[in-house]
Amino acid sequence: MGLLTILRKMKQKEREVRLLMLGLDNAGKTTILKKFNGEDIDEISPTLGFNIKTLEHR
């Protein structure tokens, strides 16, 4: 398999990235996650537990 073949396959495949955000309470982690996902950030309630979101690359 040559370099060009590898590069072509990399372009064709969808990439999945897993991101773990850690931080203090009220640090804005949920706000950043919602902003990345294009959701409204005007009314965010405190998060109890954790969030799992699937983000689509544009």
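Note: Cβ is positioned from N, Cα and C throughout, glycine not excepted.
Because the structure is a prediction, the values reported are computed rather than measured.
Per TrEMBL, the features are:
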type	residues	note
BINDING	Gly23, Leu24, Asp25, Asn26, Ala27, Gly28, Lys29, Thr30	GTP binding site
BINDING	Thr30, Thr47	Mg(2+) binding site
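Shown on the structure are the features that TrEMBL records.
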residue	record	DSSP (3 states)
Gly23	GTP binding site	coil
Gly28	GTP binding site	coil
Thr47	Mg(2+) binding site	coil
Quick one: among the binding-site residues Leu24, Ala27, which has the most Cβ atoms sitting within 10 Å of its own Cβ?
Ala27
Cα distance, Thr47 (Mg(2+) binding site) to Lys29 (GTP binding site), nearest Å?
10
For each of the binding-site residues (Gly23, Gly28), count the other CB atoms lying within 10 A of its CB, then report the residue with the highest count.
Gly28
To the nearest whole angstrom, what is the C-alpha distance linking Asp25 (GTP binding site) and Thr47 (Mg(2+) binding site)?
9
Rounded to the nearest Å, what's the C-alpha distance separating Asn26 (GTP binding site) and Thr47 (Mg(2+) binding site)? Just drop the number here, would you?
9
For Thr47 (Mg(2+) binding site) and Ala27 (GTP binding site), determine the Cα separation and express it in whole Å.
11
Mind giving me a neighbour count for Asn26 (GTP binding site)? Other Cβ atoms within 10 Å of its Cβ, every protein chain shown.
9
I'd like to know which of the binding-site residues Asp25, Thr47 has the most other Cβ atoms within 10 Å of its Cβ.
Thr47
When you measure from the Cβ of Thr30 (GTP binding site), which residues in the chain that are at least 6 apart have a Cβ under 8 Å away?
Ile44, Thr47, Asn51
